[in-house]
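Colleague: Supplied in structure tokens, the structure appears directly below.
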Protein chains: 4
Amino acid sequence: METLTAAILPATIRRRPADSHKGTYGRITLIGGNRNFGGAILMASAAAVYAGAGLVTTITDASNQGSLHARLPEAMFADITDTAMTQSLITSANVVVVGPGLGTDAAALAVLKTVFATVTAEQTLVIDGSAITLVAQHHLTLPQAHLVFTPHQMEWQRLSGIPIAEQTAARSRAAADRLHATVVVKSHRTQIYTPSATYENPLGTPAQATGGMGDTLAGMVGGFLAQFADPDQAVLAAVYAHSAIAEELAERQYVVLPHQIIDELPRFMHEHQA
Amino acid sequence: METLTAAILPATIRRRPADSHKGTYGRITLIGGNRNFGGAILMASAAAVYAGAGLVTTITDASNQGSLHARLPEAMFADITDTAMTQSLITSANVVVVGPGLGTDAAALAVLKTVFATVTAEQTLVIDGSAITLVAQHHLTLPQAHLVFTPHQMEWQRLSGIPIAEQTAARSRAAADRLHATVVVKSHRTQIYTPSATYENPLGTPAQATGGMGDTLAGMVGGFLAQFADPDQAVLAAVYAHSAIAEELAERQYVVLPHQIIDELPRFMHEHQA
Amino acid sequence: METLTAAILPATIRRRPADSHKGTYGRITLIGGNRNFGGAILMASAAAVYAGAGLVTTITDASNQGSLHARLPEAMFADITDTAMTQSLITSANVVVVGPGLGTDAAALAVLKTVFATVTAEQTLVIDGSAITLVAQHHLTLPQAHLVFTPHQMEWQRLSGIPIAEQTAARSRAAADRLHATVVVKSHRTQIYTPSATYENPLGTPAQATGGMGDTLAGMVGGFLAQFADPDQAVLAAVYAHSAIAEELAERQYVVLPHQIIDELPRFMHEHQA
Amino acid sequence: METLTAAILPATIRRRPADSHKGTYGRITLIGGNRNFGGAILMASAAAVYAGAGLVTTITDASNQGSLHARLPEAMFADITDTAMTQSLITSANVVVVGPGLGTDAAALAVLKTVFATVTAEQTLVIDGSAITLVAQHHLTLPQAHLVFTPHQMEWQRLSGIPIAEQTAARSRAAADRLHATVVVKSHRTQIYTPSATYENPLGTPAQATGGMGDTLAGMVGGFLAQFADPDQAVLAAVYAHSAIAEELAERQYVVLPHQIIDELPRFMHEHQA
């Protein structure tokens, strides 16, 4: 297992070419946020926008439209019950993030099945939160796509079948290989299983132990994947940056709120670009 | 009567263990905010989040969903008319706060009765604002739980039967004992009646004399109770911190808005942790 | 005509007594904001809260509930179509502000008539914006109350019958006397007609020439009246403070937004209190 | 082709005359924002307000009312399905901006036709985003008005018929002349075709390559046109200021969010006024 270092940041965060436009930085569609968990998809979407993704669309429960735009006018909105629009917005994206605040009811399952039926092998799909639980509960067949899972340890237990106490690197490595996916197992010391290697994030602070941190990371992972060339590096850099910003804030805060990490992203990425 | 000092802060606000997660810091459910008083439960919920509670859910009128997430995406939402979900979210919490902006109509009474019927002896229940008035008006039987009341003096008169002018420490002490509860009687010099002792808060500024201060304190009390081991200390530290932050802000502000106290919490707790 | 000076500020903005509570600083009800002009009543309400009024309730179109609490959780909300609640909230207030964003349609007229029929001689009523136009258009009989009008010059023309070009101090003075009201005629150099004297505000910057400034002033006037003993001084100090803050901000801004003046109020009042 | 310099700023941004009022700085109506793209019209409207336009009204889908006022209480709202009110608000404006987030469906087309049928030769009409696409798709006859188009290169291809790769200055010049309009072709190096000359903006940073930048520019163009005497200079100064602020922010940010440019406008315009 390799330990991540700050070197992953300039290796990943390219200096933007002068002659570029928003299309250069990807088109990302985030899907989640039922009536109860709307904040989750709002945070994930904001993380994608502040990470620099070119075009961001949020597919969520209609009741979240107003709060989305009150916080984040830069994101576009679509109603999660509009299946045709959902399919269209999946198809036009290069990265799809599904799961933050999605919930696990029948409607959520139907949405997730639509996502799986629509993504193609050229696209990257980040599967987070309740979507991971749904995959495990319903033994869903995973789609042909570049898959990234971002489970916390309990979700990883559900998905991999490995009890938390037995989640050794070797067993998780094998499970990730079986999934043909990159897996980010979030914990005190997050581990990342890319297709080619295993990494541990040495950073992270208990000030981060609060609701919404995972949703924010999922959005950052999506935002980095949307714009940076190497997908493995994109995931690693997002994980590292998320914790590094939290550690900076924790030098003066007892708890770090997810939206505060998001607010720091443009400055942090500027300071750590190539 | 003991006078609180700043020593209560490091005695209570533990340095967070490195190997912890959001579950370590408690799960808190806040219930209140009818159509008229939605701001009250928004402030209480934000105080709980910014105090560092691990997972925060706000049960409120459906009309408050959008403003909740526009201000506080970190909180989860539930519709106060959904009794089954309310019961479930009470059961899964370690701390429940009921009352901020709840109102005193029949629907509010029904919600409060649901809360009382659902909490168990292992849980902590903070009863604030209109919920205190409802208890007094309807002579409700209090549930078996760790009870904390946070009345202002008029609410304390309603609950204890002691007229404001006659609220001596001795009489309030006796009334708190009869309630088998910790009681925070908010005033110019707030008094706290824990099961074992009586305290006075020496801090507090008239710049705090504005609507929403009590809601904010209730949320802070809940947030401290959710994560700190000693419940008496948690209440005392929350009361002290609330006034201490207000005094800091009042050095440069004529009036201190409740949300400004909330915004300062992460920094203040960092500076005053063990 | 007297020219206002900064002396009006410490003469009015008392140092708050230590032993006080939110009731000490007044209860203010603001009424306005139809579906189109909701922002106006939001700004007026925020100005009242940030000026330090003890308890603030906003009666407005139901569609403005969410944005009110997203910006200002400290204010309570009531539905402007609920006449019984409107009457109750007028009766319980010491200051009522009516007009910001109220509009001039039949529903607005009905609301204004309810206000006029409910206020009593002991209460202060600030009549602003569309409410002034309604009074003029419908020749409404003014209620027995401490009346303050805050027209811009065109509204003053409508109310007083004096064309803008002919609004000399003498003619305005006579018109204010006929109204038995304090009148604030807003312009480049605002003039204030109290029952006993006439004042000119020497401050004011063209950076203030933007929508919402008058709504903000009306809320400040209400907030000052709610908490300061001398009503004439309260109006004068509010007018002066509004322009003084704008001038400060205009030293570094081409245009000053109303909400920016509101944000500065607590600091400004701290610096200029007795 | 002339290259813009910072000299365009003081040449355009006049020092405001002391004796002025909000009417002096124009009345602007912005039309756009369907249910999906509400953020676009919110950003355009905020840009107009923060640029200093005197009175700003936003005509948009009803579902955007709350988020508009949560972000921008200074703007008035109208429901885009209310044709009579739309016509009235077009007629009372000196500048109309149509297109940000309008969409391209039948309802959007109907709105655009209403705009074209209502504006007069004395008014300025800024046509942006989806409105440009609608003009091209439906071969709409342009109204008699001072027209400003703000297409990105693909929209310019649709409108002018010139493929992106062939958009030379000469061909674009000719197309702009045929339209009898000022055309701002947004790209890495934006070009501006006024009736009398052609300009290139030397500024611009890839940090701006994110969704919402164009909507923000359209609002700034409208806000400058509403208050500055020379319409050609107003457009040029808005384009230059938009990029200049972005370059300033990009010195410390990897990506610059549109709302951040808006927030800087009052300060930037103060520093660069005559």
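Cβ atoms here come from the backbone N, Cα and C positions, even for glycine.
Heads up, TrEMBL stuff is auto-annotated, nobody curated it.
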Colleague: Let me know which member of D:Gly211, D:Gly212, D:Gly214 TrEMBL also records as binding AMP at the site of D:Lys186, D:Ser187, D:His188, D:Arg189, D:Thr190.
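Modeller: When TrEMBL describes the AMP site, the candidate it includes is D:Gly214.
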Colleague: I'd like to know which of the binding-site residues D:Gly101, D:Gly214 has the most other Cβ atoms within 10 Å of its Cβ.
Modeller: D:Gly101
Colleague: Can you name the binding-site residues among D:Ala40, D:Gly101, D:His152, D:Asp215 whose CA is within 10 A of the CA of D:Ser187 (AMP binding site)?
Modeller: D:His152
Colleague: Quick one: of D:Ala40, D:Gly101, D:His152, D:Asp215, which binding-site residues lie within 10 angstroms of D:Lys186 (AMP binding site), measuring between C-alpha atoms? Sequence order, please.
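Modeller: Those close enough are D:His152.
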Colleague: Of D:Ala40, D:Gly101, D:His152, D:Asp215, which is closest to D:Thr190 (AMP binding site) if I measure between C-alpha atoms? They're all binding-site residues.
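Modeller: Checked the binding-site residues D:Ala40, D:Gly101, D:His152, D:Asp215; minimum Cα distance to D:Thr190 (AMP binding site) goes to D:His152.
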Colleague: What Cα-Cα separation, expressed in whole Å, is found between D:His188 (AMP binding site) and D:Asp215 ((6S)-NADPHX binding site)?
Modeller: 16
Colleague: May I have the list of same-chain residues other than D:Ala40, D:Gly101, D:His152, D:Asp215 whose Cβ is within 8 Å of the Cβ centroid of the recorded (6S)-NADPHX site, in sequence order?
Modeller: D:Gly32, D:Phe37, D:Ile41, D:Met43, D:Ala44, D:Gly99, D:Pro100, D:Asp128, D:Gly129, D:Ser130, D:Gly211, D:Gly212, D:Gly214, D:Ala218
Colleague: Among the binding-site residues listed here, D:Ser187, D:Thr190, which has the most company in the form of other Cβ atoms within 10 Å of its Cβ?
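Modeller: Result for the most crowded candidate: D:Thr190.
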Colleague: D:Arg189 (AMP binding site) to D:His152 ((6S)-NADPHX binding site): how many Å between their Cα atoms?
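Modeller: Just about 11 Å between their Cα atoms.
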Colleague: Got a sec? Which of these binding-site residues, D:His152, D:Lys186, D:His188, D:Arg189, has the most Cβ atoms within 10 Å?
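Modeller: The residue with the most neighbouring Cβ atoms within 10 Å is D:Lys186.
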Colleague: Would you mind reading off the Cα separation of D:Gly101 ((6S)-NADPHX binding site) from D:Gly214 (AMP binding site), to the nearest angstrom?
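Modeller: So the Cα of D:Gly214 (AMP binding site) lies 11 Å away from that of D:Gly101 ((6S)-NADPHX binding site).
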Colleague: Calculate the distance in Å between the alpha carbons (Cα) of D:His152 ((6S)-NADPHX binding site) and D:Gly214 (AMP binding site), and round it to a whole number.
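Modeller: Just about 8 Å between their Cα atoms.
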Colleague: By the criterion CB under 8 A from chain A, which of the binding-site residues D:Lys186, D:Ser187, D:His188, D:Gly214 would you report?
Modeller: D:Ser187, D:His188
